[in-house]
Amino acid sequence: MQAALVILDGWGLGDHDRRDAVRAADTPTFDEYAERGAFGTLTTSGRDVGLPDGQMGNSEVGHLTIGAGRVVKQAYTRIEDAIAAGDLCGNDAISGALDHVADTGGTLHVMGLVSDGGVHADQQHIHALVECAAGRGVEAAVHAFTDGRDTSPTGGEDYLADLEAVADEHGTGDVASVSGRYYAMDRDQNWARTKRAYDAITRSDGVAHHAAAAVDAVTDSYERGDTDEFVEPTTIEGGAALSDGDAVVFANFRADRARQLTRLLADIHPADWDADGIETNPPAVPVVTMTEYDETFDCPVAFPAAEPTDTLGAVLAAHDHTQLRVAESEKYAHVTYFLNGGREVAFDGETRTIVDSPDVPTYDEQPAMSAPAVTDTVLDALAGDDPDVLVLNYANPDMVGHTGDFDAAIEAVEAVDRELGRLVPALNDAGAHAFLTADHGNADDLGTPADPHTAHTFNPVPFVSLPPASGDTAAVRDGGALRDIAPTLLDVLGIDRPTVMTGASLLE
């Protein structure tokens, strides 16, 4: 092996005392490597990753930027620009949905994550779509998914109040159902969860909860002990069910957590689809997705991806380098699809290994997750085919950080530190130049006990260069960003970076 990129997902470097699990954890291995190797920090948010100013980074954007080696203008920014220019309602896919319901007399069903977290969606985009419906003179209904993960665990009450105010202002856009993202945005094939959100949208039999108003849905949930992420799917009095003649616009711009619900609503069932016996019979309506959720979906896409060319994976393949991508299922798409610039198919010489994430409701119940098995996969590969380049993701600091459980987050960080002690020596012994970094922070700020912080952070992330024993320890320059990682790997491999990669090697 020649080079290895080890992504410590959610491992940020804070400078405060707000329950920083990274600082509080006992991390002798990472500390030793940071001291022994060349150490620097990278920025991961805002314009440095193609997002609006002041917007925290996320795993999708982070891995996309890492693989592209340049700043890629994200869908979030493109949607914001369209709204600012007054072009959203005239977007071909969105205007097509509006035309459809204008012709049929049906309802435009807008659905998505209602928060200002900006990781999967932004509530302002949902507000703007309601305004589009009002401007066209058609009825709209909103199916609101509450956040509590990229935002405050109890911020949903305010977000839904804002949404209800938008509906009042425009005379349409009443909330028809409310579901926590735990149900509506599952990405781990927990189809029974997704089906519950589907049932609330279609008003199928078996919806357990009903509320007089959207805000009541979350306040009732709080009384049951469930915060925004876990609001059980609830129908709202007087809300419209998805029916024949209607149309759907799914406002989430991030794909991974929108795919399962889209499959159920658009009746997309490939031959090898396994949904644990879940059966649905949705009305045959157009389902517009804000971005391309899956290249196999036959859905109109409002903002198709502008896929970057000459990504890290493409360049490695062009130079006949074999590459191994390893992650547990929670982050598998990130080290494959997103790192490859939105490409579903592996490059020549690219091997992908997925390790199942633990089957637990939330990862504070098992902070180590599947990190040991991820490491074992690489050790087995080193003893076998020994690929030229490795990209690996340890999910723990991010996934456990999202629970807001400080003690569990400490355990998660320490679990990753233990794995680094097994992994890095083996990589160096195999001749690999290892790099440790992160895509964004999370476990570095868990807020306070009274006000847990479960979202990503704006803090910089580490970049540690660990050459093999025979290699030189070049210094890591200041001013680095995620776009500089791919050029750095190409540098140690002796490959010229493509001109489209505007990042530069971090090694001085």
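Here, residue 1 is simply the first one shown, and the rest follow in order.
Placement of Cβ uses the backbone N, Cα and C atoms for every residue, glycine included.
From the candidate list Ser59, Ser370, Ser505, the residue Swiss-Prot records in the Mn(2+) 2 site shared with Asp9, Asp439, His440 is Ser59.
Annotated Mn(2+) 1 binding in Swiss-Prot involves Asp398, His402 plus, out of the candidates His433, His456, the residue His456. The record from Swiss-Prot ties His120, Arg149, Asp150, Arg187, Arg254, Ala255, Asp256, Arg257, Lys331 to substrate, and of the options Arg181, Arg263, Arg325 it ties Arg181 to that site too. Comment: substrate site residues His120, Arg149, Asp150, Arg181, Arg187, Arg254, Ala255, Asp256, Arg257, Lys331; largest CA to CA distance 17 Å, whole number. A count of other CB atoms within 10 A of each Cβ picks out His456 as the most crowded of the binding-site residues Arg187, Arg257, His456. Looking at Ser59 (active site, phosphoserine intermediate) and Asp439 (Mn(2+) 2 binding site), their Cα atoms lie 6 Å from each other. Secondary structure at Asp398 (Mn(2+) 1 binding site), taken from DSSP and collapsed to helix, strand or coil, is helix.
Least crowded of the binding-site residues (Asp9, Asp150), judged by neighbouring Cβ atoms within 10 Å of its own Cβ: Asp150.
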